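Down below is the structure, laid out as structure tokens.
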Amino acid sequence: MKCPFCGSMDTRVLDSRPTLDGTAIRRRRECSSCGKRFTTYERYEEAPVLVVKKDGRREKFDREKIKNGMIKACEKRPVTYEQIEEAVNRICLKLREEGSFEVETKRIGELVMEELKKLDQVAYVRFASVYRDFREVDQFLEIVKELKREKEGEEQ
């Protein structure tokens, strides 16, 4: 495996373990040339899934888009990269279990929001504001009230 820091091909695996949901192998590696450590994930290749956009266009499913959106929502929040990676794995697993070769962006957005709600409420509101295209302050207030109602319901 090529080192992302110095480009050397001389790296070794320090630790290998399956992810919590079992869909990937997480490997901790060390470069023999520069000594830096990095993490890689090994996944099986799946049949291509197409994402149906709002305007009807179709494009190949890209888990990196989901991960990047979640990273953006979790920016400056106490959420680790590993937590985001596991959430993305759960989203991909749910989509795979649903068994469709086409999935609407709406479904992906709902799954991302479910995961973010569990991880961090501020990240959830950030993502919701973009995903639901908030244009008014009242829309933010409504989603915050919804979170508060859910939290109060859990405490009872």
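Here the Cβ of each residue, glycine as well, is placed from N, Cα and C on the backbone.
The zinc finger annotation in Swiss-Prot covers 3-34 and rests on sequence analysis. Annotated domain 'ATP-cone' per Swiss-Prot: 49-139, in sequence order, evidence recorded as sequence analysis.
Residues 40-44, 85-86, 89-90, 92-93 of the same chain lie 6+ residues outside the zinc finger (3-34) yet bring a C-beta within less than 8 angstroms of a C-beta in it. Counting residues of the zinc finger (3-34) by DSSP class, helix then strand then coil, yields 0 helix, 16 strand, 16 coil. Counting residue by residue with DSSP, the domain 'ATP-cone' (49-139) contains 58 helix, 9 strand, 24 coil. Residues belonging to the domain 'ATP-cone' (49-139) score a mean pLDDT of 93 in the model.
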